[in-house]
Structures are given as structure tokens and as C-alpha cells.
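The feature transmembrane segment is assigned by TrEMBL to 32-54, 66-91, 111-132, 153-178, 198-227, 248-273, 285-304. Residues annotated as domain 'G-protein coupled receptors family 1 profile' in TrEMBL: 45-301.
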């Protein structure tokens, strides 16, 4: 499979102790063309999304700007992740450089491992933070001021980056370790069932899965509350079209993250807990699958906006009142379900009908 030397023989640096370059095969999935197309498509999509978000930020009200700051942070993080990791992988396939000659002290390999962990956890943690922000905005509207200070949102984003960065730096302290991975174009933490490598692998997997779980739980509660607002007693309140739009985007982000990342996170946890050998082909497959998250995310902001949907269906009235009046039976059913699930009291007319 490779021309690796025995661990620690001939003063082998630690990051090359498991897989030591050069390697004797080149899988097609790691071709330069695939990596270049993948990186270019992802960066282009995120740049388009960033332009859309900047324009939306300028013309939106203050209530929605905190959510747009989260989206912008997610776009910037995805773009940087693609540029950093993609440029290293593409350079390897184009030049076929020898890692041990270029990076004898493992600094470059550690940098890529840190980048892989940091830019992998950030979208998941940001998704959980966005779900928390929307949960507070929809379920606790009076707990916050009308104008949400941007400094609070920036502080939350900075906290997410700090948490992801702290986790990514742990292998440098001995809690886990970064190693060269097959086919020799990238570095990642050692997925092993021994010692600190086991603990760090579980930490990475559990943090990702917990972020997805928190997003799912909070988004579910927010959707139920939003349905109650649209269909319940207070349906005559001001229009909440912008909140519906944000929830649709947030749910799609959560679904994409779950589909793309869960296979890799579960695979890592299953591998280290079972104690079996690491299946390199499955690791490469699920890692490439997770990378699609950075390409699909920006198209949520680009396509799923009211301005775009109104252009696709110009004759449709997108007001909340018209949607609910088109399907009165559906509206009544949702109102009963949300009221019973949230413990609300029935309307006078419904109580009178129930007594007959």
C-alpha cells in the first residue's frame, strides 16, 4: 500500500510514524481535477452567497441583522476552509511534493490537521448558535430588546470560533495527535482506539453530534411556536414573513449538515469504540461527503429567499394571511395541534362547539 517505514525508525517525525511518504498509489477520488473543481465550485458559491448577504444586510431591519451576521460568519468560515485545505490538496496533486522533505518538523502537517478540525466543527457549532438565537427570538421575544446589539452576535460568533480553535489545538498538547493520512495529500487526527487518540476522536465526534442534536431540538420548538403564532389566537399580529424565511433557511442548513456530517461522525465513533482497523476508503468517502456541506450551504441563502421565490411564483400571494385562508381546514388542524401540545386554552367558539 505504501512505502512507510517502521514507527520511529530512522528518526521518523511523529506525524509520519503511522503513514510515511512517499506513497505508491494515487486513488482517482483524490485526483487534482476533482479537488480543483470541488474547491472552485465551493468558493464561487460562497462568494455569491456573501454578496447576497451583504445586500440583504443593508436593506433589512435590525431584527434580522443578527441572523444575517451568523450567516455571513458561516459563509466566511466555509470559504476559508475551502481555500486553506483545498490549496494544500491541489498543490500536492500538481507538484507531488514530499511531505517529509518539505515539512521535517511536522509544522505543516499539524497546521492542516488543525484546519481540518477547526473548519469542520465551526459550521456545526454555528448551526447550533443560530438555532439558539432563533429560539430566543421566537420563543422569548420580550426577553430581548427590540434592537439586538450587533456586538452580542459578534461575541457569540467569536465564542464559537474560540471553542472550535481550542479543540483543534488540543493535539498539540498531547491530547490526540495529527498524522499523515492516506493517500498522502492531507493530515488529520489519528482515529485510533488507544489512549488520548481515542479520547480526542470521541470528543470530535460527540461535539459534532451534540451540535446537530441541539439544532434539531431548538429548531423543532421554534417551528412549533411559529406555527402557533400563525395559526393560533394571535394570528392577527404583525406579519412574521421574515421569521418564517429565516426558519426555512435554518432548517435547510440543519438538514444539509446532518446528511453530510453524520456519516463521518458516526463512522469515527464506531471505529474507535469497536477497536477495529481504520477503513481508509470509507474515511475518504465520508470525508468527501462532509465536504459537500460547504458547497450546499451557500445555495440555501441564494435560492431560499422571498425575493427569489416571488420571482419563481409571481402570481402567488406570499402573505401569511392569504396562505392560511387558502387552506382553512389545514389551518384549523394546526391550530388545534399546537394548542394541545403547548397547553393553550381553546377559543370561545371552539369551547362552545365542544359543549354541544
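Glycine is no exception: its Cβ is also placed from the backbone N, Cα and C atoms.
Annotations in TrEMBL come from automatic prediction, not curation.
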Ask   = With an 8 Å cut-off on Cβ pairs and a sequence gap of 6 or more, do the transmembrane segment (248-273) and the transmembrane segment (111-132) reach 3 or more such pairs?
value = yes
Query = Which residues of the same chain, at least 6 past either end of the transmembrane segment (198-227), have a Cβ under 8 Å from a Cβ in it?
reply = 117, 120-121, 124-125, 127-128, 130-132, 134-135, 138-139, 167, 170-171, 175-177, 189-192, 240, 243-244, 247, 250-251, 254, 257-258, 261-262, 265-266, 268-269, 271-273, 334, 338, 341-342
Message = For the transmembrane segment (66-91), I need the partner stretch with the highest count of C-beta pairs below 8 angstroms, choosing only from 32-54, 111-132, 153-178.
response = 32-54
Remark   = Looking only at the domain 'G-protein coupled receptors family 1 profile' (45-301), mean pLDDT returns 84
Request  = Could you give the residue numbers and ranges of same-chain residues that sit at least 6 residues beyond the transmembrane segment (111-132) on either side and whose C-beta is under 8 angstroms from one of its C-beta atoms?
outcome  = 67, 70-71, 73-74, 77-78, 80-81, 84-85, 88, 156-157, 159-161, 163-165, 167-169, 171-172, 178-179, 186-189, 204, 207-208, 210-212, 214-215, 218-219, 222, 250, 253-254, 257, 261, 290, 293-294, 297
